[in-house]
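The L-tyrosine binding site annotation in Swiss-Prot covers Tyr33, Tyr167, Gln171. Per Swiss-Prot, motif ''HIGH' region' is recorded for 38-47. Among the features that Swiss-Prot reports, motif ''KMSKS' region' is placed at 227-231. Summarising the annotation, Swiss-Prot assigns ATP binding site to Lys230. Here Swiss-Prot flags 353-419 as domain 'S4 RNA-binding', drawing on sequence analysis.
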Amino acid sequence: MQNLLEALVSRSLVHDQTPGLQARLAQGPITGYVGFDPTADSLHVGHLLAVMSLAWLQRCGGTPIIVVGGGTGMVGDPSGKRSERPVLSVEEIDRNVAAIRAQLERFVSFEGQNAARVRNNADWLRAIGLMEFLRDVGKHFTVNYMLAKDSVKGRMESGISFTEFSYQLIQAYDFWHLFRSEKCELQMGGSDQWGNITAGAELVSRKDGASVHGLTFPLLTTASGTKFGKTEGGAVWLDPARTSPYKFFQFWLNTDDRDVERLLKFFTFLSVEDIAALLAEQARDPGKRPAQRRLAEDVTARVHGPDVTRSVIEASRILFGGTDLRAASADVLDVLAGEIPSAAVTGDELAALTIADLLVKVGLAASKGEVRRGVAGRGFSLNGAVLESGDAKVAAGDLLAGGYALLQKGKRNYALVKVR
């Protein structure tokens, strides 16, 4: 079985590690955890490095623990933050915890000998009293030690509340609790979590005299210098209600050539050799972008499932060529309807409207005059066939699966009409 550290290092997924981790892994599988902040009801692609680290841990024989911060989410981690975030209510956090758990179940197995476990740190943090916490945790840390953490130093000028200042102690308590209750010996996280992770290892050492370990992965930026996972429309979410599967697929498909090797290593389970073969294929014919296509297909299938991914791929082919419209299923056209301008009409309305009327209705033309000029220049089409007249009507036999008709202006402007 592959060694966890070797697997992660081979994919450039390790930024830092505590001394002795390699020796501990050589002794056998390990139980490790990653914490997730429940301030939203969905994970986004910025969380996927953490998710993949848990998946690799399980593949290498270890037991992953997913700690959803129902307790720490009420405090707020200052790491990488310029200002204090609003504190969520218990009810909001509990709803978000349930949603995040459902998403994480797509990445790790909750069955078998090393089944993944989900823990909400509210279960133990809400049960500990202030006096007990100060006695059992606070006495092991000096203020100087806490002030030296980067997450605190970066906020000294702008101000940091005692609530956020104490966050590192609360996360340290998480690590100690999991070590005691579940023999968890490894915490993983982004490089901005290093201070919190080492605080936990320090607490375990002081209270129990035991060695536990930490591993961080790199904070990911793109070759253009922007933060990974951010688009003009904001974050790219795993929840299809927040980011549609089509837009999710396109996000990965549009990966810069300079980033694609790294993202294939980070976010797929393809072997390093298979990734090298993909890149060699891409070098021979860059226009086909096989590396980006494999990346988009792999990640979208894992997040949204293979059936949705196939529909998304077919919908993409409709817009960018390479598919027979008549063969497109209603599911594929439903996906497309969520991404391009669409209008719904009744059967009676369809019988009364000309194609020119429909083009105006969906916004592909401002007027019937524009349609006449466009038709003269062969600039409009219906279901892939160039329009000869805007005065014609869409017959029932012209409709695609699901009662759709696809209108097109030029090469890149599309709209759908659906008959109800």
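Placement of Cβ uses the backbone N, Cα and C atoms for every residue, glycine included.
Annotated features taken from Swiss-Prot, shown on the structure.
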residue	record	DSSP (3 states)
Tyr33	L-tyrosine binding site	strand
Tyr167	L-tyrosine binding site	helix
Lys230	ATP binding site	strand
Task = State the non-local partners of the motif ''KMSKS' region' (227-231) in its own chain: residues 6+ outside its ends, Cβ under 8 Å from one of its Cβ atoms.
result = 44-46, 220-221, 251
Ask   = Cα of Tyr33 (L-tyrosine binding site) to Cα of Lys230 (ATP binding site): how many Å, rounded?
value = 26
Inquiry  = If I take the alpha carbons of Tyr167 (L-tyrosine binding site) and Lys230 (ATP binding site), what is the distance between them in whole Å?
reply    = 26
Query = Expressed to the nearest Å, what is the distance separating Lys230 (ATP binding site) and Gln171 (L-tyrosine binding site) at their Cα atoms?
reply = 27
Task = Could you pull the average pLDDT for the motif ''KMSKS' region' (227-231)?
result = 80
